[in-house]
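Annotated features in Swiss-Prot:
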| type | residues | note |
| --- | --- | --- |
| TOPO_DOM | 1-46 | topological domain 'Cytoplasmic' |
| TRANSMEM | 47-67 | transmembrane segment |
| TOPO_DOM | 68-1211 | topological domain 'Periplasmic' |
| REGION | 70-131 | region 'Required for cell surface targeting' |
| CARBOHYD | N238 | N-linked glycosylation site |
| CARBOHYD | N247 | N-linked glycosylation site |
| CARBOHYD | N259 | N-linked glycosylation site |
| CARBOHYD | N325 | N-linked glycosylation site |
| CARBOHYD | N376 | N-linked glycosylation site |
| CARBOHYD | N488 | N-linked glycosylation site |
| BINDING | W513, D514, K711, Q712 | substrate binding site |
| CARBOHYD | N568 | N-linked glycosylation site |
| ACT_SITE | E644 | active site, proton donor |
| CARBOHYD | N705 | N-linked glycosylation site |
| CARBOHYD | N879 | N-linked glycosylation site |
| CARBOHYD | N990 | N-linked glycosylation site |
| CARBOHYD | N1031 | N-linked glycosylation site |
| CARBOHYD | N1064 | N-linked glycosylation site |
Amino acid sequence: MKRIRSLWFNAEASYSNLNNSPSLRNKNSTGNNSRSKNYRSFSRFDLINSILLLMMLFLLAIFVTALYLTKSSRLTYSHASRAALFNPLGVISPSLGNHTLNYDPEARESSKKLYELLSDFNTAYYDDENMILGSNLFSKNTYSRQPYVANGYIGSRIPNIGFGYALDTLNFYTDAPGALNNGWPLRNHRFAGAFVSDFYCLQPKLNSTNFPELDDVGYSTVISSIPQWTNLQFSLVNDSKWFNPQNVTLDDVTNYSQNLSMKDGIVTTELDWLNSQIHVKSEIWAHRHIHPLGVVSLEISLNTDHLPSDFDSLDVNIWDILDFNTSHRTVLHSTGTDEKNNAVFMIVQPDNVPSSNCAIYSTCTVKYENSTNPINSSESFEEKDVSSNIYNVILTEDQPKIIVHKYVGIMSTEFNKNKEQQDNTNIGLAKMIALNSKGNYEKLLSSHKRAWYDLYNDAFIEIPSDSLLEMTARSSLFHLLANTRDYNVSSDRGLPVGVSGLSSDSYGGMVFWDADIWMEPALLPFFPNVAQNMNNYRNATHSQAKLNAEKYGYPGAIYPWTSGKYANCTSTGPCVDYEYHINVDVAMASFSIYLNGHEGIDDEYLRYTTWPIIKNAAQFFTAYVKYNSSLGLYETYNLTDPDEFANHINNGAFTNAGIKTLLKWATDIGNHLGEVVDPKWSEISKDIYIPRSSSNITLEYSGMNSSVEIKQADVTLMVYPLGYINDESILNNAIKDLYYYSERQSASGPAMTYPVFVAAAAGLLNHGSSSQSYLYKSVLPYLRAPFAQFSEQSDDNFLTNGLTQPAFPFLTANGGFLQSILFGLTGIRYSYEVDPDTKKINRLLRFNPIELPLLPGGIAIRNFKYMNQVLDIIIDDHNGTIVHKSGDVPIHIKIPNRSLIHDQDINFYNGSENERKPNLERRDVDRVGDPMRMDRYGTYYLLKPKQELTVQLFKPGLNARNNIAENKQITNLTAGVPGDVAFSALDGNNYTHWQPLDKIHRAKLLIDLGEYNEKEITKGMILWGQRPAKNISISILPHSEKVENLFANVTEIMQNSGNDQLLNETIGQLLDNAGIPVENVIDFDGIEQEDDESLDDVQALLHWKKEDLAKLIEQIPRLNFLKRKFVKILDNVPVSPSEPYYEASRNQSLIEILPSNRTTFTIDYDKLQVGDKGNTDWRKTRYIVVAVQGVYDDYDDDNKGATIKEIVLND
């Protein structure tokens, strides 16, 4: 029988024998095999019995044959339904609507304690409902405590008083020389300045570069800052007291609050000044729709309750200032005042770019509260580099408040190219914008807020169980949106986005791979136009990339590592002998836009935008690689992979895998478009060398030894975002790579690392929950309070982190974190397959969801854009659902087959290359049975508009059989090493760990088994890294069902009671009903324990789980029974290493996954007794404290504590 080829099978035919309920848990499906048997049984039926039956069977045969042909076509691509570990068959049904996720109030409340693990959160706050971040601490100016405003074109970092320009004056860690500086390459003093998109200067030399010799062949390009447009100041009593960032001291300020609304991008600052006599409130915003408009609102009022008895009036001079000294790397073109319009203006040019300038035009309205009469400026000043208007007002008890609205038009040459009135000068347009806005504050504010609200209607992420993660998702969206725009972007220039956006000159404001690989993909599913604008910048600089290749004698094109105004090869951005992978990154970003397929992205885009970039990159790499006749493979040389700790190496793994993948893209796209395809591309793609150790661990580069410390994700990038895996052998190697390199990341490395591990773990591991522990590891060490901005480093102290002054804010991390949710936890990937007959590319969406035990209730991605359709992606506790909510075109979805994954089949080194140790780390797994057939493909679906596809979530197995603690909630009661998170100790991954900050003091982890899930611990195991502890103790909090019920009910009562009297009465009745006596005492006689330490543990527990309850206990003595003491069931058990130390590891020649040390223990309850003799109910517990102290080898210079990889507790 001739097989009919069809890439997509018919959705209706696919589910004729399935239960169409959207809930798939515990549903049975007969599968393809049973349907094949039915077909064969029909074909053997005796047709002679009845002519009528013959006719009926004839018709039925036609129908069944059609089904069989469709089935055969499917089987060409997938036998995934035969996998015993996971049934990927889904149900397509009419859309059920919004899919509200379950809300777990206890998990949500507990998650709020995670904020306290953020750096500098002690005086910060977050209003969840209104999305407001803020601080009550008036501090000296330091970058991490400053918010900013931006709209994708203009931006300004806001100092402590709420407006103006300020240099940093505080470093938390040291006052060493350079402590207040930014990092490479400028190494200049950090400042709260103002910036304009694409306003680049040219510098003959920079303070720090990688290739200074290239300064002789081309200037470097870095961002210039413009005069600070938020600069308002006021002075009192003949200018004897000034209110500006330079003159306001810590002692002058009380009742301080500064907050950032992520709903609308407004920064509000309020404070009392001068013995609380004056109240100052400011609001700053960059108009979301009118990009060249910045607005400052300032209210100055008398606090009448704090005025002296002889107070009469207060003279105030308000200064609207433009000061050239607040800009950097610019030349002053002109400055002046416009007395007719009460305005000041200034024009600056970026250094060495006379063809560009930026004009700033500022005008104010000044009115008393409840007055309609504006006050005109009384004086104007024009100095050499400062222009100002002065408004004199008198505050009295009858007129106690003055309101200033400052409207600033900002126009640069780069933005003016997009305007219809291109003949207008920049100053003319800036003036028009400011004057048209003047006096329309409320109307402008309303339109500004509406523009922000409209943006959020296009994108939303829900994580109901975790306030911190949801806030981080929201803040990441906010920060990326604040620094990009989807219109008013020149198509022939695009949108260059620097690492720190529009509020900082970190990394010189230059464009790195951060824009292509980290930020753009995070925006693409929600804001494809913004992503395309960012990619258009690479299109605009493509012609220069071709000149770069020509300069070095290569065909094709070579992008430099850094770009700005131009994309020439510079000392910061060399084109050769450095990070060649940038060419893969740019190509991947462009191809991803095609695979996403938003409006207008079709074969024309592929032919005229993506194809030239990929073709030229393929041409360059074809000439660059060298054939090694001894290996019979192609090699690369003298390069740097993403791990910048290793420079000038050969055969970088990610670079070579990128070349392999890119050459495949070039072949596939060329064939699809009917273009000429170089046969050499396929040959090199097939035969490029990826270095591996004898144990099949991918080496980051040729000659790598085991002493390596990795700066950032490198080899793991082959899994995501590159998608290098294309057969089972590579998949198995990738799993080993994930394990190996997870233990070799620098503790102080950049925040772009662990989002990649989230995606890799979710896609590669069938056990544990490390995809979620990596998610926390992506946030907790890097996110900075109070304004939820990411730092580049987990440790901001340049004296302890390798002399790195972190970029801030680090938008790269915002993009990475969003990708870890959008693509990591959901398993979503843009993908394609090639029809083997026509060579045509067919775009599809891969969906590979897993259960998320650390995130009860799941996650929801609202308004995901794909193929110009709008989707909701829902991961709840049992099912994954894609809802086709808007659009009129079906989409193609593929569910991969996870039966290929063998994440436990790891053989460990045993001191000999020829003998492998039996798998000591092999974790017990409950297998239903081995898969009937390995299949690298999956199951395909066609999802039509107003339908939804629901698939059963893959349920990862337990790492260790019957481990009651795995995937449960955990918190560290003592400090850990920067970059470590406690979740790693229970995540079912033997290659993640938590490590105490020091080895001297006792370190503690507190585990919560969950509500109504108390267990009696009988035995367990601690899996150590190469650094075991000296001893271990375990304590439990004796618990009972009565206590559990009271615990939950008291919390509910607290949330619903309206006043203290009602609260006390209700709790009293609850305790009476439960039989709790007025004087409730629990007998702990006979138990030797450290009372103070036990009480501290209880206090920590209450603070973690129920902070309000801890306060309530102090008010209601009868609740003291909840302060049960922890009972020590394992006391200072000494630890002995279970594994030898291999000499090959010491001499750095060993590239192996080493077996871990372990300590097993059993609990002897006969030596313990609590309460009445014979009573064993106390042994059950929900809360456990695991304490470790010291390290086994206490003679090294490392002050950090033991490495705890996994805690296993059995009942």
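Placed from the backbone N, Cα and C atoms, the Cβ positions cover glycine too.
Because the structure is a prediction, the values reported are computed rather than measured.
Sequence features annotated in Swiss-Prot and their locations in the structure.
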| residue | record | DSSP class |
| --- | --- | --- |
| N238 | N-linked glycosylation site | coil |
| N247 | N-linked glycosylation site | coil |
| N325 | N-linked glycosylation site | helix |
| W513 | substrate binding site | helix |
| N568 | N-linked glycosylation site | coil |
| N705 | N-linked glycosylation site | coil |
| N879 | N-linked glycosylation site | strand |
| N990 | N-linked glycosylation site | coil |
| N1031 | N-linked glycosylation site | strand |
Fewest-neighbour residue among glycosylation sites, criterion Cβ within 10 Å, set N238, N247, N259, N376, N879: N238
Substrate site span - longest C-alpha distance across W513, D514, K711, Q712, in Å: 16
Listed in sequence order, residues with CB under 8 A of D514 (substrate binding site) and six or more positions away: V499, M752, L811, T812, G815
In the chain carrying N568 (N-linked glycosylation site), residues 6 or more apart in sequence that have Cβ under 8 angstroms from it: G218, Q544, L547, N548, P560
Residues within 8 Å of the W513, D514, K711, Q712 Cβ centre (excluding the substrate site residues themselves): F512, P642, E644, A713, P750, M752, T812
Where N376 (N-linked glycosylation site) falls in three-state DSSP terms: coil
Q712 (substrate binding site) to N705 (N-linked glycosylation site) - Cα separation in whole Å: 17
The one of N325, Q712 whose CB sees the fewest other CB atoms within 10 Å, among these recorded positions: N325
N990 (N-linked glycosylation site) versus N1031 (N-linked glycosylation site) - Cα distance in angstrom: 20
Densest Cβ neighbourhood among W513, E644, K711, N990 (recorded positions), 10 Å radius: N990
Distance from W513 (substrate binding site) back to N488 (N-linked glycosylation site), taken between C-alpha atoms, in Å: 24
Residue among glycosylation sites N705, N1031 with least C-beta crowding, 10 angstrom cut-off: N705
Candidate nearest W513 (substrate binding site) in space, where candidates are the glycosylation sites N247, N325, N705 and distance is Cα-Cα: N705
Spatial separation of N238 (N-linked glycosylation site) from N376 (N-linked glycosylation site) - C-alpha basis, Å: 19
Distance, K711 (substrate binding site) to N990 (N-linked glycosylation site) (CA atoms, angstrom): 21
